[in-house]
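K.L.:
This is the feature table in Swiss-Prot:
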BINDING   8-13, 33, 38, 86-90, 127-128, 161, 272-275, 342  NAD(+) binding site
BINDING   157-161, 216-223, 256-269, 334-335, 447  substrate binding site
ACT_SITE  272  active site, nucleophile
């Protein structure tokens, strides 16, 4: 029986290994992590991450050919294939701070693999890493190997949170990069055989190591670029009276462009897009390509601009002050169908409103109060560095309340900011909400999911990104 071990039981490692175990009953899969609470959660009825369909997959396999353990060294020692799915956060200090990937966890994992291994292994990069990381890892393994042979493969994930299980069951492609040597080709074929249990051969792409590593960064950069492009258009639409939804539809019907990732919003979030683009910028700078680096920086700048523009719109619409006004924030996760708040636009929007002394009442069906308070009290990128959490700010705690009900969150509020496109928000009784709000009552739709005409008929003053402005909003101070 082939044995697979995955180091890292997070958003990538857990679901990916669960699906491999389900689709490959003849393969034994162990997911290991040094975090005892996380592994305990994976072994319980309440998994540590929310992902539609994940519970069912885990329950079918757990205890049969899928195991979760904190005994990292044992399972690495016994494995034929070791996936490494550890954090590669953005550095917060030192050379490349704010841009470069911090490979501390990856290096530690590589040294441990070399130290405990007693047989040849295939080591698979599953985390998103800079180009040429495999070369560095190879050197660490080789210089500490005690004669054991390692083959390094790059097998980046292309999952979208909220649809991760669906993506794993029916991937657009599986990408495997390896050394172009007889040993490298053999290692690629071994991993290919695992995925071939359920993925058609034509959808398994093989490349050299460096192409696979760069492809992941490029894919995320291209997706984020599309979001920033349509968001840049949304600002122009508001200025001219055009409707960004109509513009996006017209553009997306061009078969050369297509309709995906053309929904205007308050901005992109999640653990990958910003981090990977900053990493790409740093790689370009290190390779003497400042013009290319500057090009990709603009994707981040537009995303930051979109969030600040949204905050400015809220403040300017409400008589240029939200001081001591209650603002209901509906949604905090970076997208629907996940509880993940990493780099969610809601953080920057909430911080912007808090700087103007607003009182926030936040509701998200999948995000805990503890998580929200922690996110609002951390500096940028600290979410990915558990050891560097900032002390909670008493001011933030005082100004923020978290509820488990949208109606409670909106009661006596002056305005509502819709920050996540949860389906349940479309079906709320907005007449009831309006009746219990301060007047004039505002809705700021940061996800373009609401029936604007219906809200206006109820009596709301409505702002939706990239849509023609209400007369009220036209009369308010201009938003830069």
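Placed from the backbone N, Cα and C atoms, the Cβ positions cover glycine too.
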K.L.:
Write down the Cα-Cα distance for the residue listed as 'active site, nucleophile' and residue 223 (substrate binding site), rounded and given in Å.
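P.N.:
Distance (Cα to Cα, whole Å): 11 Å.
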K.L.:
Roughly how many Å lie between the Cα atoms of residue 90 (NAD(+) binding site) and residue 335 (substrate binding site), rounded to a whole value?
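P.N.:
Approximately 21 Å lies between the Cα of residue 90 (NAD(+) binding site) and that of residue 335 (substrate binding site).
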K.L.:
How many other Cβ atoms are found within 10 Å of the Cβ atom of residue 87 (NAD(+) binding site), counting all protein chains shown?
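P.N.:
Counting Cβ neighbours of residue 87 (NAD(+) binding site) within 10 Å gives 17.
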K.L.:
List only the single closest residue to residue 161 (NAD(+) binding site), chosen from the recorded positions 259, 263, 272 by CA-CA distance.
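P.N.:
In terms of Cα distance, residue 161 (NAD(+) binding site) lies closest to 272.
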K.L.:
Could you state the whole-number distance in Å separating the C-alpha atoms of residue 33 (NAD(+) binding site) and residue 335 (substrate binding site)?
P.N.:
26
K.L.:
Output, ordered by sequence, the same-chain residues six or more apart from residue 335 (substrate binding site) with a CB under 8 Å from its CB, or 'none'.
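P.N.:
In sequence order, 161, 162, 269, 270, 420, 421 meet the Cβ cut-off.
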K.L.:
For residue 8 (NAD(+) binding site), which residues of its chain lie six or more apart in sequence with Cβ-Cβ distance below 8 Å?
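P.N.:
Within the chain, residue 8 (NAD(+) binding site) has Cβ neighbours under 8 Å at 31, 33, 83, 84, 85, 86, 87, 126, 127.
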K.L.:
According to DSSP, does residue 87 (NAD(+) binding site) sit in a helix, a strand, or coil?
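P.N.:
In the DSSP reduction, residue 87 (NAD(+) binding site) maps to coil.
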